[in-house]
Amino acid sequence: MTLLTPDICVIGAGSGGLSVAAAAAAFGVPVVLVERGKMGGDCLNYGCVPSKALIAAGKQAHLMQGGAAFGIAPAEAEVNFRQVMKHVEATIAAIAPNDSVERFTALGVQVIQEEARFKDGRTVIAGDYEIRARRFVIATGSSPLVPPIQGVDDVPYLTNETIFSQTRRPAHLIVVGGGPIGMELAQAHRRLGSEVTVVEALAALGKDDPELTAFALRNIRSEGVNVLEHTKVTQVEKRGRSGVRVHVEDTDGTRSIDGSHLLIAAGRTPNTASLELDRAGIQHDRRGIKVSDKLRTSNRRVYAIGDVAGGLQFTHVAGYHAGLVIRALLLRLPAREDRNIIPWATYTDPEIAHVGLNEEEARKSHRKISILRWPYCENDRAQAERKTEGLIKLVTDRKGRILGASIAGANAGEMINFWALAISRKLGVRDIAGYVSPYPTMTEIGKRAAITYFTETTRKPLVRAVVRFLRRFG
Ligand SMILES: Cc1cc2nc3c(=O)[nH]c(=O)nc-3n(C[C@H](O)[C@H](O)[C@H](O)COP(=O)(O)OP(=O)(O)OC[C@H]3O[C@@H](n4cnc5c(N)ncnc54)[C@H](O)[C@@H]3O)c2cc1C
């Protein structure tokens, strides 16, 4: 055994762990990074990057069929699925050097490619190394959760860890789970020519406001994805040589659906099993490692960040957590997580994005709120682009401070940046109404929504007339 005594030992080289390790090295702090799989973690290899590359390919195919409205004859896209997956692979390969062992070693990080486990409260074992660090940061991420469906162990199924290495287009992909991952992959596969069925036990995209998800669901269904909501998968079995039969149950009774491939996208489970956390006195449950708002675990030497910390599971959250831990460990500055400022986006078409409180949460925590809406169809750029399906919905308090923003529509994932800044800086509708937005841009939709605050809260006819004018020309 080789004994290492760095200042910081990071476990997991994904979105969170890499950021901590890079920052520590930049400050000249001795740091060891332990990774058991591929550098870059889920986001680069099995998550955000390949899924967004596949979505981009699907979008390209879809655009070819959508020219009629612009006076351009629609063309049937000829999809070469193998080449599509080469594009996915090439996208990962283009980004991978940023996360590589070579790059991190050059930055001054000691990278150990082994699985880590705790020996005791201040020691981690990784292969032939015993690491006794001043502080540990657990950033081990999460894995696909496979629900205990009858027969699941006897059928071949795909998860996010295997679907991006398929080289043949699934003839009929059955997706178990209608959350963001399931719906993004369902729409992308449909656009690339697969028949697709999604089975969701509750409401599809159920973590977002139904007023907004309705836009995405309507479009996804109109493209031919069969989305079954409030439908439970009761059993799966093999059909023929490589197919699958999925038995489902809803209020009308039971039936079965035959497909060629099964994708399980039914949630995530934290990667804690191999860490032997109990030896280090680190409390955890099935949602993840328990952390304080400073991301400290029940062992004061140990922090946990990203997916494994049991909160919102996004790359930018892992990055945000990494920033907080760096503040605390390297700069000794106060650092508390503020979940309210964290945006998220689902990259279906149309996209759905949200930050802050939704209407229901705001009603619970505030006595009086305003809901401000503006539809995409009232935006000139959206008309020109023929992207008129969508809505922005703002939630403000009595004084007009922005509490939350939700957008469904084209570029929602880009537009939510603006609102994430507005909420983190505690801006109000007056700030939004007072800035100048270039015309014609879709971001103007938000400004228009903010201006409606004044019509909603005033009874003075002159003010209403001015606001009407501003809404038209402001
Ligand atoms: C299909 C899909 C699409 C997604 N799309 C998006 C998106 O568009 N935007 C977004 O923000 N998020 C997206 N996510 C979520 C995002 O991928 C995760 O939130 C993010 O990767 C979490 O980062 P992390 O650092 O916590 O964990 P990870 O990036 O998963 O890294 C954890 C690392 O720890 C390693 N590890 C685990 N246990 C050990 C051990 N005992 N010893 C050593 N190493 C270990 C793992 O091998 C892994 O490399 C998506 C996820 C999926 C599955």
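Glycine residues also receive a Cβ, built from the backbone N, Cα and C atoms like all the rest.
Per TrEMBL, the features are as follows:
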type     : residues                                                   : note
DOMAIN   : 7-321                                                      : domain 'FAD/NAD(P)-binding'
DISULFID : C43-C48                                                    : disulfide bond
BINDING  : K52, T140, G141, S142, D307                                : FAD binding site
BINDING  : G177, G178, G179, P180, I181, G182, M183, E184, E200, G267 : NAD(+) binding site
DOMAIN   : 342-449                                                    : domain 'Pyridine nucleotide-disulphide oxidoreductase dimerisation'
Cβ under 6 Å from ligand 1: which of the binding-site residues T140, G141, G179, E200, D307 qualify?
T140, G141, D307
Using other CB atoms within 10 angstroms as the count, which residue among the binding-site residues E200, D307 scores least?
E200
How far is it from E200 (NAD(+) binding site) to D307 (FAD binding site), counting Cα to Cα, in Å?
23
By Cα-Cα distance, the member of binding-site residues K52, T140, G141, D307 nearest M183 (NAD(+) binding site):
K52
In sequence order, which same-chain residues at least six apart have a C-beta under 8 angstroms from C43 (disulfide bond)?
G14, S15, V49, T315, A318
Do you know offhand how many angstrom separate I181 (NAD(+) binding site) and S142 (FAD binding site) by C-alpha?
14
Please identify, from the binding-site residues G141, G177, G179, the residue with the sparsest Cβ neighbourhood, meaning fewest other Cβ atoms within 10 angstroms.
G179
What's the CA to CA span in angstrom from G179 (NAD(+) binding site) over to C48 (disulfide bond)?
14
Count the other Cβ atoms sitting within 10 Å of the Cβ of I181 (NAD(+) binding site), across every protein chain shown.
22
Counting all other Cβ atoms within 10 Å across every protein chain shown, which of the binding-site residues T140, S142 scores highest?
T140
For the C-alpha pair, I'd like the distance in angstrom between K52 (FAD binding site) and G177 (NAD(+) binding site), rounded off.
18
Averaged over the domain 'FAD/NAD(P)-binding' (7-321), what pLDDT does the predicted model reach?
97
Which whole-number value in Å describes the distance between the Cα atoms of T140 (FAD binding site) and G177 (NAD(+) binding site)?
23
So, by DSSP, how many helix, strand and coil residues make up the domain 'Pyridine nucleotide-disulphide oxidoreductase dimerisation' (342-449)?
41 helix, 33 strand, 34 coil
